[in-house]
Amino acid sequence: MHLYFYCLILLFVPGGNSLGINSYLKHMSNKPQDHVNRTKTVDSKDLAALPLSSYMLNLYQSFHHSELNHGTEGAPSLPSNHRADIIRSLAAKSFDHGGSRWTLVFDFSSLSQEEEHQLAEVRFDFRAFEGAISAEMEVMVDFLHQSSSCQSISGWCQSYLYVGSLTGTLRSRSSDTWVTFEATDIIHKWFERNEKGKSRYEDREKQLKKLPRAKSAERRYQQQNTEDQQIVMMVYSNISKKERLSGTATLLQDAAHSKYLVVMPGIQTIAHTRRHRRSHIFKEHVMGMKHVPPADSSRTLCRRVDFFVDFKQIGWDSWIIHPMKYNAYRCEGECPSPVNESVKPNNHAYMQSLLNYYVKGKAPEVCCVPIRMSSLSMVYYDHDDIAFQNHEGMIVEECGCQ
């Protein structure tokens, strides 16, 4: 049995990188009590299995505070002073280490090749590994991929895909309980692997035998992980230039791709729908929602009024973490004919209104619409990870006739 297992590992990862990973897989088989694994099937009914890290929570609170105080709008700041539209938190599914050699397992499935990835860094909780890691320590890290869709009857999966290895230095920041390891190259290797085709790498993905005493290892991880993830990879990315120029609503795209979205009663869907078909289903969901009727107004001029959004009412509480409610505001009221400066028309709206005043039916009447919007910071479940994004155009700041 041991001879067969060793030969299987040699096929799994070719070349010089195999030593550390071989030891890791061998260690999994021989000493499961020292190996930490949290691979479980996660569904929308058990979102507690995806704890919100303190880093992501602090990030959201920081931006939320800035928005409440009308701070400068912008994307989250990267550690290297770049900018990012989206920050994803990938918790390590399992890990092992011996000396300065680490083996980390992540699920990279949620990463989109259409985004522009700026930076990726692995964050180690110094408190959990005190004595094993330190700032300025040289380490070598082997990265494996394990898909969350890979399941067995017991909820455990032993299918791994080698992504790459990196050598570098652990860094720390002042007043921080984390040490970090830059892993941007691993993200590039992951997408390079996908571009070349999975067929070349099928020999690297092997089914391993079920770990002995897996349940005890699972309980041990939960005891160690009651407050925060011990190892997470933060991936900072920007939406593509094409997507930015298209003006497509980013929140609708996130909702369409969310596997946690609960379709409200009356909207038909298809079970186990593939990701590329969720957009169509989501459009049906949106079309089935009733529009909120405008408040009664007797020739009230265009103005901004309250419009409270409760994500639970539309079934989005299953994938949105923060905020659960917010005031989006909306515009209502009439536009005078012709318009004047009090309703903030642009030049085109002014000419359209003026022409329609003198020649009835020459052009449609101008409408009371948002003319200035602001963003909303949101934290939500993104597949089996947690993401932070500053969605633009979520709150009406000013209304006018255009």
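For all residues, glycine too, the Cβ spot is worked out from N, Cα and C.
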Per Swiss-Prot, cysteine bonded by disulfide to Cys399 (from Cys331, Cys335, Cys367, Cys401): Cys331
Cysteine paired with Cys335, where Swiss-Prot records a disulfide bond, from Cys367, Cys401: Cys401
Of the candidates Cys157, Cys302, the one sharing a disulfide with Cys368 in Swiss-Prot: Cys302
Nearest-integer angstrom distance between the alpha carbons (Cα) of Asn340 (N-linked glycosylation site) and Cys302 (disulfide bond): 11
For Cys368 (disulfide bond), the three-state class that DSSP assigns: strand
Cβ packing number for Cys401 (disulfide bond), 10 Å threshold: 29
Candidates Cys302, Cys331, Cys335 (disulfide-bonded residues) - the one closest to Asn238 (N-linked glycosylation site) by CA: Cys331
